[in-house]
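Colleague: Pasting in a structure now, in structure tokens, and then I'll have a few things to ask.
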Amino acid sequence: MQGSKGIENPAFVPSSPGTPRRASASPSQVEVSAVASRNQNGGSQPRESEEPQKSTEPSPPSSNPPASDEPPGSQLSELEEGPCGWRGFHPQCLQRCNTPQGFLLHYCLLALTQGIVVNGLVNISISTIEKRYEMKSSLTGLISSSYDISFCVLSLFVSFFGERGHKPRWLAFASFMIGLGALVFSLPHFFSGRYELGSIFEDTCLTRNSTRCSSSTSLLSNYFYVFVLGQLLLGTGGTPLYTLGTAFIDDSVPTHKSSLYIGIGYSMSILGPAIGYVLGGQLLTMYIDIAMGQSSDLTEDDPRWLGAWWIGFLLAWLFAWSLIMPFSCFPKHLPGTAKIQAGKTSQTHQNNSTSFQHTDENFGKSIKDFPTAVKNLMRNTVFICLVLSTTSEALITTGFATFLPKFIENQFGLTSSFAATLGGAVLIPGAALGQILGGVLVSKFKMKCKNTMKFALCTSGVALVLSFVFIYAKCENEPFAGVSESYNGTGEMGNLTAPCNANCNCLRSYYYPLCGSDGIQYFSPCFAGCLNSVSNRKPKVYYNCSCIERKITSTAESTDFEAKAGKCRTRCSNLPIFLGIFFITVIFTFMAGTPITVSILRCVNHRHRSLALGVQFMLLRLLGTIPGPIIFGVIIDSTCVLWDVNECGIKGACWIYDNIKMAHMLVAISVTCKVITIFFNGLAIVLYKPPPPGTEVSFQSQNVIVSTISVEEDLDKAENEG
């Protein structure tokens, strides 16, 4: 193989601007045969025209002047396979990882790390960051959105230029940026000094002067910009992961296995938040300044307690950077990619509006080609329908991921921590199981593009029917003093203050629910008029409460205390049924995720796959994940019956919701989004027109068929014919 002399690892030879039309002897070869018109018999004539060329060119490249004029590396610009390693260093032990399974393992580890940081550690640390750096919720909300903003801005450009580039190296860059973003996000802890404890707040009824309104701001809030920078860096790293990484997996495995591999990879990104929540929750039980110790009388139940939120980000930084070297050692294409591509058939959607394709092999290397490529994608009606269906699904999934714990907490009277645990136990395993099942079924039955869309339509239909579980799981509001119940007839409905607590000067900004022995729930011990408490009991108990009517009974329990910390035990028993049905709903919802991704990869031109994923994720965030929590928040706020109002008269968070109205509103938005999803899925099925049978997929355009074959097969045929 004289033509490859001097190239020890073709994967690391830079491609030249000019791509040769022929490559006579290279580790992998691309032959282009122009077809004047599409053959009605499945394209047999173009194959016959290739045979004489193959048989007459087994000679060294020196006999082919056009090819020899180009640099050796340019012969491999389209498809470069090579060993695993760095330049001239290719240890044999690394070659075991030079497989689709080896790449998938590292892809899963990076997706897991990204999920742990972005959707796990960041979310669970937001409330702690608010308190530590004295930020408003609007600022922390912008911190959370910064990741999606970065992803939207970069996704199109990264996916467009990365499609023709070295995708594993792009993922090495992604590992670096994810690690750097996690490191930057933790930096405020090291530069803001030691956390200073404030004075403890007495939650019982005390006669004192009313608190004064203070609108001063703290310099600590300036660390907001550091947190935003960290999120922007994390978004920069996440962009290649879900666009170029997915396309690389699709390149490296047969069509029927692609959905399985993609489903496994996506399931890891879903399991990441679960690990992030568990890890972050455990770290929050450690005091924030672990190196300086803590006061012996400070416990987690104290409102002044802050946990060590920053440790998880340092661990993620180290783990993400440990993946840089493994990704950098992969070749541009895994061994065997040429044969896999040669065996694939095209499923690209065909119609008049998308018939324009590019026969220039250099297309996609210049920024001037970017608008044309995007325009060509936007003309693909099937692609647009599939993307719109995913945006509708993303809207409700992100909305429920954000507010499902709040729904469970209010409907079933649970604590915030336990409600969050139950919500995570339903959402995360259900989503991961759905992704894997969807990929397994599509792979097992070797579904074509249209069948995968039909499969997604069916699963969405089942999820639509199951969405009505919110109506049957609704629970009546428990009696609440000042909201749904009066203070023994002495107070007014809708007013927490009554004659029994008028002298306590209670704060509505301090919500600490209390269950009285009369079965009525109170906003706080102060609003219940409680004067004394016993803190060494679990839960904390209160007595001498002027607003609680003491029942005269002979039971010891009634004389033990008048109220205990926490919400009253709900009389609603629908929680197990709700969790079971909602778990099944989540499975069917996410079963459509992998088939839709596979359909998008199949219905667009082969060279536009990464860009198609970039467009999908950009629109998915602009129309789904960014507005989703906002829309859900507005809808849930519309069901509020008691708002937090501070000393300055500024409305804050909602304390009490109308459970029945909340259930109905969530059903309405779920059904609406599911109907939109089903509509666009069905429209994509109707509009889809597959290419004629036998059309090859390997770097093909509509009027050009590019057959990818290995040089070993070329030489074998030449010897047989000679």
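The backbone N, Cα and C atoms fix where each Cβ goes, glycine too.
Pasting the feature list from Swiss-Prot:
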- 25-46: compositional bias 'Polar residues' (COMPBIAS)
- Cys500-Cys530: disulfide bond (DISULFID)
- Cys506-Cys526: disulfide bond (DISULFID)
- Cys515-Cys547: disulfide bond (DISULFID)
- 494-549: domain 'Kazal-like' (DOMAIN)
- Ser15: phosphoserine (MOD_RES)
- Ser16: phosphoserine (MOD_RES)
- Thr19: phosphothreonine (MOD_RES)
- Ser24: phosphoserine (MOD_RES)
- Ser26: phosphoserine (MOD_RES)
- Ser28: phosphoserine (MOD_RES)
- 1-81: region 'Disordered' (REGION)
- 1-101: topological domain 'Cytoplasmic' (TOPO_DOM)
- 123-141: topological domain 'Extracellular' (TOPO_DOM)
- 163-168: topological domain 'Cytoplasmic' (TOPO_DOM)
- 194-218: topological domain 'Extracellular' (TOPO_DOM)
- 250-269: topological domain 'Cytoplasmic' (TOPO_DOM)
- 291-306: topological domain 'Extracellular' (TOPO_DOM)
- 332-376: topological domain 'Cytoplasmic' (TOPO_DOM)
- 399-418: topological domain 'Extracellular' (TOPO_DOM)
- 443-446: topological domain 'Cytoplasmic' (TOPO_DOM)
- 471-578: topological domain 'Extracellular' (TOPO_DOM)
- 602-610: topological domain 'Cytoplasmic' (TOPO_DOM)
- 637-670: topological domain 'Extracellular' (TOPO_DOM)
- 689-722: topological domain 'Cytoplasmic' (TOPO_DOM)
- 102-122: transmembrane segment (TRANSMEM)
- 142-162: transmembrane segment (TRANSMEM)
- 169-193: transmembrane segment (TRANSMEM)
- 219-249: transmembrane segment (TRANSMEM)
- 270-290: transmembrane segment (TRANSMEM)
- 307-331: transmembrane segment (TRANSMEM)
- 377-398: transmembrane segment (TRANSMEM)
- 419-442: transmembrane segment (TRANSMEM)
- 447-470: transmembrane segment (TRANSMEM)
- 579-601: transmembrane segment (TRANSMEM)
- 611-636: transmembrane segment (TRANSMEM)
- 671-688: transmembrane segment (TRANSMEM)
Colleague: Under 8 Å between C-beta atoms and at least six apart in sequence, can you list the same-chain neighbours of Cys530 (disulfide bond), or say none if there are none?
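Modeller: Correct list: Thr204, Cys205, Leu514, Tyr542, Tyr543, Asn544, Cys545, Ser546, Ile548, Glu562, Ala563.
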Colleague: Need this for a regression test: disulfide-bonded residues Cys500, Cys515, Cys547, filtered to those with Cα within 10 Å of Cys506 (disulfide bond). What's left?
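Modeller: Of Cys500, Cys515, Cys547, within range: none.
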Colleague: Do you know the DSSP helix, strand and coil residue counts for the topological domain 'Extracellular' (637-670)?
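Modeller: Final tally across the stretch: 13 helix, 13 strand, 8 coil.
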Colleague: Contact between the transmembrane segment (611-636) and the transmembrane segment (419-442) is defined here as three or more C-beta pairs under 8 Å separated by at least 6 residues; is that satisfied?
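Modeller: No; fewer than 3 Cβ pairs under 8 Å.
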Colleague: Which residue counts does DSSP give the topological domain 'Cytoplasmic' (250-269) for helix, strand and coil?
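Modeller: Across the topological domain 'Cytoplasmic' (250-269), DSSP assigns the residues as follows: 18 helix, 0 strand, 2 coil.
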Colleague: Helix, strand or coil: which one is Cys506 (disulfide bond) in, per DSSP?
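Modeller: Cys506 (disulfide bond) sits in coil per DSSP, no helix or strand.
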Colleague: For the transmembrane segment (579-601), name the stretch out of 142-162, 169-193, 611-636 with the most CB-CB pairs under 8 Å.
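Modeller: Counting Cβ pairs under 8 Å, the winner is 611-636.
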Colleague: Under a Cβ pair cut-off of under 8 Å, which of the recorded stretches 142-162, 169-193, 219-249, 671-688 contacts the transmembrane segment (377-398) most often?
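Modeller: Answer, by Cβ pair count: 671-688.
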Colleague: Please figure out which one of 142-162, 169-193, 307-331 racks up the most CB pairs under 8 Å against the transmembrane segment (219-249).
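Modeller: Between the candidates 142-162, 169-193, 307-331, the best contact partner of the transmembrane segment (219-249) is 169-193.
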